[in-house]
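Data first, discussion second: the structure below is written as structure tokens.
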């Protein structure tokens, strides 16, 4: 039995309609675009502050902030408006909604861009900690010079791209994969049949490969953040002899704490939301799947907002911008007196 016969003859009688708003294509589109519209002004203001309001004493970290804010801004636009993913977890496949799908961009290209852009954001986050760590001259594991930093970033990026490309060069037969999915997931939402769909990895070797490589890459990022953070903690709070003055040490310590807060507060909010969703929903639930990617989209905006709120020069500008006093213009009242004889 092919997919058309299943959808027309079996699906209507076997599967009750899922009328929940967030389980539908329309609900995902409206929610993701609302998130994008809400956070676009935040990204614009963050970009302006990083470019125009970064003081001279933050020049050493300006590039890493520019880099991170750029990728956050770009991801917000792409994920909110052009290619919001909709997975059918626990199946390693899904679709996208947005202008890119409407324009006929192949799903393989969209998902490749999604994973690549997500990886660039992760690299940019690690770069924040590396930059802070390498500013400590006594640090024995600091990366010296722009050239070595380019090598390090390139090694991270091209390793991810290589592992990702292997997956996309070995995609399963899509029609057979969808039929196999119905054996374990007989009642997906109707978009499974009516919208473009891509299976990234079939159960077995390639699913194990995708899960393993994703886990290893995440562990690699966690290791790098932990390494650079440990160096900062040691030299900034334990062995303070590498600083010429207490003021320099305190300034760098505040900067490191700011990076920690602006990085982990958005991640913590998203993780808590995802854990709550997953605990309440066992097995397949398209609302939970869609909410997972909505919160990932939400992360870009919250991360950009955290840059504004955590970094003191930007926070100071934001407060002055929001609390700007209106100029009071004196009003001159002219009265006329009539004299009667």
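Using N, Cα and C of the backbone, Cβ positions are placed for all residues, glycine too.
TrEMBL entries are annotated by machine, without manual review.
The transmembrane segment annotation in TrEMBL covers 28-50 (among others).
As annotated by TrEMBL, transmembrane segment applies to 70-89 (among others). Sequence-distant contacts of the transmembrane segment (70-89) (same chain, at least 6 residues past either end, Cβ-Cβ under 8 Å): 25, 28-29, 32-33, 35-37, 39-40, 43, 46-47, 95-101, 105, 110-111, 113-114, 117-118, 120-121, 124, 181, 185, 188, 191-192, 284, 286, 289-290, 292-294, 296-297, 300-301, 303-304.
Residues or ranges marked as transmembrane segment by TrEMBL: 109-129 (among others).
Among the features that TrEMBL reports, transmembrane segment is placed at 150-169 (among others).
According to TrEMBL, the transmembrane segment annotation covers 216-237 (among others).
Under the heading transmembrane segment, TrEMBL lists 257-278 (among others). Using a Cβ-Cβ cut-off under 8 Å and counting only residues 6 or more beyond its ends in the same chain, the transmembrane segment (257-278) has close neighbours at 125, 128-129, 132, 229, 288, 291-292, 295-296, 298-299, 302-303, 306-307, 309-312.
Below 8 angstroms of C-beta separation, residues 22-23, 27-28, 31-32, 35-36, 38-39, 42-43, 45-46, 49-50, 65, 68-69, 72-73, 75-76, 79-80, 84-87, 89, 121, 258, 261-263, 265-267, 269-270, 273-274, 277, 318 of the same chain, each at least six residues beyond the ends of the transmembrane segment (290-310), sit close to that stretch. Residues or ranges marked as transmembrane segment in TrEMBL: 290-310 (among others).
The stretch in closest packing with the transmembrane segment (216-237), judged by the count of Cβ pairs under 8 Å and taken from 28-50, 109-129, 150-169, is 109-129.
Packing against the transmembrane segment (109-129) from elsewhere in the chain are residues 61, 64-65, 67-68, 71-72, 74-75, 78-79, 83, 85, 96, 100-101, 153, 156-157, 160-161, 164, 168, 198, 200, 217, 221, 224-225, 228-229, 232, 259, 263, 300: each is 6 or more residues past its ends and has a CB under 8 Å from a CB in it.
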